Each structure stands twice: as structure tokens, then as C-alpha cells.
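Here's the structure, in C-alpha cells; my notes come after.
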């Protein structure tokens, strides 16, 4: 097998040679084929000309999105299609035994033709045949694009990161940063998203998004992160740009306006609302058809009391865009404020029918029923509100429900409420016909005149009221309203509803409940009516008679047969579009409520249709049907894994349920660039929410994905439409015809972003042949696991040609329709045997320096380590913590203590009684002494929730979670000391009050119920004083001198500490940091920077509780973070101990008392919580061992892959070690020497490249204590050769760039000066003089 570390041109030539030889050997080869298949014609095996082969040599995945095949690229498209036929023919002739590069090229061609299943299949085959596939950046980029298309974000991110790792100067690096920014934004990793968008912004290369659109995303990320001032500045700066596209302008103004309406920090209410209305009006000037802007404008008008203007705006919103639950909820609020309860009821019902889990609408509906003295209905509404995941005040609602139930249990109160009912019961309201006046759409089915905006005076004489839902004569129901299409669906599982049969469209002469009220009032005042009112009374009575007759007739008809609804109750994946293009689609009722950017927009495929990864529906497994046989020369090609009938919009899984018969009937949904931004970047806010956290992902609707006008919206990992705070987005998959059988979709509860939007019906799932009945079953919870995909084998293919598929969601095999034999691997919770698991997530060897360079050499990208084997038994998952008790100073300096602590088999060691043994004066670090020494010293303060140490609850106290957020601020030591003391006094007072009351919690063990009740309540906020720098010897001389009493291996500075050889300060690592705590203060889960060891001493007076997991399990911990949408390296997380126990992860748990020293060994994962009031001091240490150096370098490489800055500059440190230290450990010596060699090669290569380009370096030697340099842009370490902007150098400002970032900003480096800090001769001398020292007779270093 040849190496694939070749250029695309070479790969194409290899394939072309094969094709050329196939076409030239028309003699013998032709005779063989004629003998084998006499019926085949010359057309079955087309050949490529030399010119065509030359053209194909320059084509690879990097052209995706730039090769406009839909417009002027018809010739290229024809060439690609011919090439695919040729390659397929060659594979058939060779029975699959061809060069791996051919499959890679085939993947590129299919990607450019947007045939994603074939592209994925070809890439998989190349991947399985080529052992060093990771050297091929174009392959990884193409594979990432296919995953991105299928919303498999987990795998797309991995592929893109590997491209940047092996080739930081990749030609489409900007495109990769864009997509990584979008995916991290969807995954709520906003810091990573911001970094990648900023990296894309500085890149001068061409890209599928405009600079303005990237700037919009950056501004919006500031807003999501609640950095409102920065967001305001970024939005306003963007609006100053020249030639700003209309859609970008409209969306920016929309965001800016809504942010001012909702964010109190931006000024007083009146000026904010005025500015908001001004922005929204300007936004509507730029884009009058934005339903979202109309809705926001309505909210602003409503808040300042302009009721009619608000109503008109809401009406416009419904007219311009898909009706959303939020709009209807806001309309309901407006009606309720105007004392029109019946209209409010109908609006709220519309809202909850659009979104069954819309907690705000259920709460408002409950309040409405309560105000109308109907507590039974109010209770039902409140219960539905509490069931919603988005409900933020469950506790208050639960209390209200209990109060109402108590009222109902009182006979007197319940008899009073039962006498009169102003509103229909909730069960009746659910099936009420909602007139179409407000639901009719521009271009919709209803052509009756619009009368909603006419003010109308009610007969009650209460002044002008808002128009009711119907005009004087009403209108026919408009099927375009989503609420109508869902008439028969229930509000949610488990709801206490009477199930209602599907309703027929209601005739336009039916009277609404509002009209019936008017009729009753007119009848009761018949004697005093004026002629116009008498005329109205006559009309209403005539309508009432007709309505009653019609209802009687319908009841008779219904008793005989059930009327089939004319439209389905919810959309299905890839269903046919509605016959009328103006009838826009809607969201399915199962979507979650307002996830904070958890769901991105539907990914539009080559024809604008969503391509979600199909969810597993185990109920469909028993009826596998064989798909129609593929036709044409591709039918038997062994690399293919067709999805049945060529529906290119779905991944080739057996569980796919596509409406394959309709695949050819789908019209293209054209989106241009401006539509993309308008429909994707719209902000969203719940009816009662304060801030808009819109996804704004579909800015790239047209340009990201494919060239030409049929742009592809960046998908989310669950294929759902973006929705923030409950508002629907406006890019949807077309909806209309339901799935076969109308089955309900199954959604994954495990990871909704990686489940499909909907999966119902029965698609072609099996192949012809003996295995037709084979089925794979699984539960939905396994959707985000990794599963193998077996490649179909034809009679001509080898049985061993199975390719493993790096697909994230569900991945079982889909056989070729003509396949006579195939294998299927059932879905498994854990990756199966090595032969079948995905290479993409397999650990390709140990990533030590022996096969992993830290210098951008072409080496396998680092991988997460697999869980240690064998699995520990459950009784070993709570191991005792290694503890050593010191009695005197001699014990502390005993050499075996150092060896014990640094032994990799001891992840953490507690050294008890250290302070007493060494006579350390811990009082020097007490709060009292700190205040006396430096009262104004800066303290970083984290505001956290006070929780039990072994649990982590959401702010409402309703569910356990991994995410553990802290709000950051700053104060002084003196002010924090006051808070610490006040907290202690308050606790004493509470304790005394408890004793006085003799509460059960003090006198007897609390019951589980009472404990749970306390947890569920709102959690108390506490403040944690952290990261206090005590490195300044002038300020903290006494304190630092006291620490010199420690044994050498634990000191801040010592010859045997790697960090003492960095040569400059790294705050908190080779300097001391102080922590001031109150009970509950938390240091969230993490590993130390670059896996260095750590020392932590508790000053007291209170204790701390520690949790630690051994370093080999960090890959498991990282996977847990990924499942919980948290960045393992940069995020804040608190592990759920139950999850770790189930995953067989051992956890060390122990108490650190005053005077105890905790030694954290290399790479140990840990998290800490204060039990009492205490201070701690901590710093890092780097033992001079091969194990420490190896893990530090591995993390250095992993950080590079993850685009995270390494706090320890390992290259700089390695050179300093070579200069300063004699190394006797052979393994450590080899690793350091290897690092030096790779650095020399890298520097020499860069210097030669610069010389070739006519660029000279300027010698600028390092100064004393000069810190190591990092790239200002991408934050990788820059050693020796610094690329500095010429204009800034003249001002003596060293804004350093790495070579790759410098070339992205200026391809010829004209604006850069290259500074050289070390002569090559000097470096070679250091390299030569660094030799292995003879071993020391002492075992301690």
C-alpha cells in the first residue's frame, strides 16, 4: 500500500494512469470484459482523454463552495460526472482492488457534485485502505464537509481540527474557522466560537461569508455572553461600514434594537425603548418582510402602552412570517390587558398548539383562567407549564397549584366557582375553531378582505378594544396556520386532556364565542337597540340558526365515519413541500422549548431540504423493505452505500426513513445570500424573557456549503430549526405530505443535537438476499454513540472490504440494493472490537515524542485515550486516598516521600500534619494578616451557587447537571475579608436560631423528602475570592520566605522543578496564588495547565473536600463534557458522581484539614469545594521525570489541536533545560533531544523558505527575563523566528505572529519583519553539547 502523503495532483495522476491503462489496453482487457459480460457496450466503460485527466488533477475538496457548478461550471460538472463514471467502471473492472487515492479523488468529485452519500462512502473506503490517511489534508477537509452537511458536528469538528493541526497553512483554513465558529456557537461553546470567527476575520483569503457577516457573528457572540457594551460597540461599528448588504444591516439593527429593549445596563427605560423602536423601524426599512422585526416592534410598543400599534405589528409579524408561539402569546397578553378574555384565550391556545411546551403561554393561560374564577382549568395549565423544560419558576408555580387545590378542597369556595364559567373549559378551548382573520397569510388560501386592523367597539361599552379574532362575518379557516394543522394533536404526553378527533375546516359563517357573547348582549337589550344594531342582531341570529343546523348534520355524519384531516399534524423529515409555496412550514410539536442555542437551523441540502441524521425508530425494524435496484453503471460499484433509491439527502443507514419515491419531485428552495442572513440570524426571545440569545447561525445560508444560488444553511446537529427563547427561525424544511403511515417521529433524548428532527415511516431498509430480514434495534439513547457501518460486498468484491464509518449519530450498515450478501453490526453503547471501530476516534499509538512532534511536523494528530483496561470492579471505584502523616522535619525531607508523591500509580497524595512538622506559620496567610499587609490587593471574585459538595444543580434546583457557571468580578482583600466575616456571623446567627427552634435538621436526621425539598428550592449565591497573586516579594516577603521551609520537591522554586527553568513568570504556576473561601466555594473540574503537578496547602480554619480522578481517565471525562456541551479544557464543569460510577471511573474523595498539603500528581483530574471558612495557597511543580515531560508535551499537542493556548511554552522550556540541566534519565534525555532536533529542522526550513522569497531575518537577541512568545492571532508558541508587523516594530511594539497567520494577513509577508532571537550556530552548539549525564547515585532529583 502506498503512502498517501502526496499532492492531489499526484493522486489524480495515479488514478489517471490506471484509467489510461484501462483504456489503452483495449485488446486483452477488452476481450476479458467481453467474455465476462457480453451485453455491455462501450458506453458502460467511458474513458478520459489526456486533457481531461490534466484538468481533474487540479480538482479536490478545497474547491467545494467555490466551483460554481450551477452557473458557469456546466463543463466542469459534466467532466466530474464523466470522471465518476470512469472511476466507478475502473473499480468494477478491478473488483475494488485499486489504489486508495482513487477512492479519495472519487470522494472529492462526489462532494463537488453534492452527492453526499457517495462522497461519504468513497471517503470511508479510502480511510479504511490508507493507514496514514491523516497526512491528506484535502481528504480530512472533504470528510469534514460531508459531516457538516449531515449535522454530525462532533465528527465535523474533529476532522476540521485535524486539518488545521497537520497543515496550519491549509488553503481553506478560513472556511474551516467559519464552520468551527458556527458549530461551536450551536454547541454553546461561545469562547471557542469567538476565537474561530476572529481567526476567520483576519484571514485575507476568499471565503463563502462576507466580512460583514463574520463581524455580525462576533458582535452577536458578545451579546450572547452578556458582554453588552462590547456587543453594542460591535453592532454600531458594523453599521458604519460602507456598502453594508441590506440583510446584514436589517439583522444588525434588529439585534441592536431588541438588545436595548431587554438589557437594563444600556440606560434608562425610556431612552432604551425609544432607541429600540428607532432601530427596529430602520431594520424594517431595510427589510419590510421580517416577521421577527415586526414582532419585536410589537413588544416594544406594548411595553410603552401603544396597544393598537403593538397589535398592528403583531399582525404584520404573522403576515410576514411563520406564526410563532411567542407572537401568539404576546397577542394573548395584549388581549388580556385590554380585558378581552375570550380573545386572549384563543391566542394562548394558538401559542400552546404551536409549541406544547411553551411555559410562558401555559402560565399566562393559567392566570387568565384564575382571573375568570376557573381554578380547575388554571391548575391544568400551571401543571403543563411546570412540565416544560424551559420553565424557570417551577417552585412558585408548584406553590400556586397547591393553593388552588386547597381552595377547591374547601366546599364553600368550590361551590362559588362552579356557578358561572366565563371561558370554555381547557378541553373545549383546545378544539375551538380559531377564525382565520389573524392567521391568513399574504398569498394564502383565504382571499377575503383583511379586517383585523379595524378598531371595533364592543357592546359592553368599555371603550375601544382590540379587534377580536374574527371580523363581522368571519373567514374560512386558513390551513396555512400551523395551529390548524395540529388540531388533533395533544398538548404533550401525560397531559390530562380529552383527546379530540381531527376537526373539519369550520365554515366562514360560524359564530365565534366572542360573537355569541355579542349576540346574547344584543338580545338582552333588544328594546333599546338602534337600527344598525338591530340589523347586526338579525344577521347574527340567522348565522346562529345556520350554524346549529350544520353542527347537527355534522354530528350525524361523525357518528357514521371519521373525517380524515386534510393536513398532517406535524412535519416529517424530507416530506414533500406544500402545494402552495406561500404556505410556509412549521416546527413539529415535539421540539424543546428555547434551548440556549442548543439547536441550530435545519441544514438545507443541495435542493434546500434538511438533511438530519435520521433518528432510530425501533418500531419500524420489523418491516424492512428492500429498496429498488440501482440502475446504471454505478449500481454494482463496491464503494457505494446507497440510501435506497438515490435520495442523496440522507446518510446511508438502515434506520433511514426517507420518502424515496418523492425524492425527484422536490423543487429546489432557492436562498440567496441576503435571504440567508435574514432568515437565519434573526434573534429570538421568549414572551417574558429578558435577553435575546439567537443562534444567528444561518447567516451563511447561501454561501456556506455549495456555490451558486442554492446555498446550504449551516446545519445544527439535530437537524432542527434554530430557535432561541421559543421563537421559530425562518429557514425550515418544506412540510406537507406526512410520512407513510403517519407514524410519530422518535427523538433522541440522549443528545438532541445529534438526533434527527423527525424519523417516521418505512423507507427501504434492507437489501435483497438472505439477510433481508436482518434488523438492528436500539433505544433512542444510543443515538450519539459511535457505530460501525459495514460496507456492502458485491459478488466481485472481497469479503474483507468493510469500511468503518466515522459517523456520529446512528451508523448501521445499508447494503447495496444489488448486494447478495452483507453484514450488519448492531448498535452498541460502547465501540466494538478494534477491527470495526472508527479509526477516526481510535488512539493511533501513544502520543509521546517518539511519534508525535510538537513542531508542526506531519505526525498523527493526538487522540483521546481510551478508558483503561481492564475495567475496575465496582468495589474499587472509591479507592482510599494515599495519605502520609508527618511527625517531624526529618519525615518531610525523607527521600522516599518525594518518590511516593511522584509515583504515577498515586494520582493524589495527602501529606497530613505538614505545617506542624515543619513549624510553618500558617497565620501569615490568614485573612487578618493579609488585610494588615495589603488591604487594597486585587481579588478576583466568582459568584456561585451554594450546593452539596457531591451534587450540582441548575439554578432553579430542579435537575442535576455538569455545567457549573460562575460570574466573574473583582474586589480587594479588605472588602472580601468583610464579606467572609459577615458570612461567618450570619451562619452563626442562623445556627442559633435553628437551635432555638429545635428544628429536625439539628435534633434528628433529616428525611430524604425534606432534603430533596431543600435542594429543589432556589439556591443561595455565595462569593469565592480566587486567583490572588502573591508573587511580589516586596509585598509578600514574609509569606514567601516561610514557604522556603518546605522540602525541595514541593517548593515554588528549585533546581529539580521544570517550571523554575522557564525563565519568566507564569502567574499561578511558578508563583504562589491564594484563595479565600466561604462554605460552598468551588474550584470546578480541571487538569493543571500542561498536566503539571500541583501543591495545595489549606491555611484553615475550615476544611476542604477534594475529588480526584486518575490521569488515564481524562479521555472519559472529556467525553462526558462533550456530551454535556461543555469545553473540557476551557469550560466550567462539576462531574455527576453517578455518571462516573456508571462509567467505571474511580474517584478519590477526601477531606483536607488545616495544615494538610495535597500533592496532585501529573495530569490528575480534580475538583474542590470548601466545607468551612478557609484560605488556601497553591502553585505548580514540574518533577524532573520522563513521565512529567511526556504528559506535558502531549497536552501541548492536544491544546494545539483544540486551538487552546498552552500556558507552558514547551519548546522554549526544552531549550532552557538543554542549557541548564544535566539529564541522567535516558528516556527524558531522548525526548528533550528529539524536541531540539525538530525545532532546529523547523527553524532551518522557515529560514530557507524566507531566503527563497527574498526575505531576510533581523537578529534581535532575547533580553533577560523576556517571556516566551505566542502568536497574537492563534496563540501557538512562536520560537526563535518572530513575525512582527513593520509599522508596529518602529513603535517598539512586539505584536508577534506565527508564520501561518502572517501569511494569511499578507501572502508575500510585505508588511512583516522577521526577528531572529537565536543564531542557528548557537542553537546547534547547544544541541551538540546536550549529552546524557551519568546516573546519580541518589535516587531523588
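Yeah, the Cβs are placed from backbone N, Cα and C, and that goes for glycine too.
Per TrEMBL, compositional bias 'Low complexity' is recorded for 18-27 (among others).
Residues or ranges marked as compositional bias 'Polar residues' by TrEMBL: 440-450 (among others).
Residues or ranges marked as compositional bias 'Low complexity' in TrEMBL: 546-556 (among others).
As annotated by TrEMBL, compositional bias 'Low complexity' applies to 569-587 (among others).
Annotated compositional bias 'Polar residues' per TrEMBL: 617-628 (among others), in sequence order.
Taken from TrEMBL, the feature compositional bias 'Basic and acidic residues' applies to 731-743 (among others).
Per TrEMBL, the feature compositional bias 'Gly residues' maps to 760-770.
Marked as compositional bias 'Low complexity' by TrEMBL: 800-817 (among others).
Per DSSP, the secondary structure of the compositional bias 'Pro residues' (859-871) breaks down as 0 helix, 0 strand, 13 coil. Feature annotation from TrEMBL assigns compositional bias 'Pro residues' to 859-871.
According to TrEMBL, the feature compositional bias 'Basic and acidic residues' maps to 990-1001 (among others).
The feature domain 'JmjC' is assigned by TrEMBL to 1035-1198.
The region 'Disordered' feature in TrEMBL is assigned to 18-46 (among others).
The region 'Disordered' annotation in TrEMBL covers 440-509 (among others).
What TrEMBL records for 546-651 (among others) is region 'Disordered'.
TrEMBL lists 703-832 (among others) with the feature region 'Disordered'.
Per TrEMBL, region 'Disordered' is recorded for 852-877 (among others).
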For the repeat 'TPR' (100-133), provide the mean pLDDT of the predicted model.
94
Using DSSP three-state counts, the residues of the repeat 'TPR' (137-170) come to 27 helix, 0 strand, 7 coil
For the repeat 'TPR' (100-133), the number of residues DSSP places in helix, strand and coil
28 helix, 0 strand, 6 coil
DSSP tally for the repeat 'TPR' (325-358), helix/strand/coil in that order, comes to 27 helix, 0 strand, 7 coil
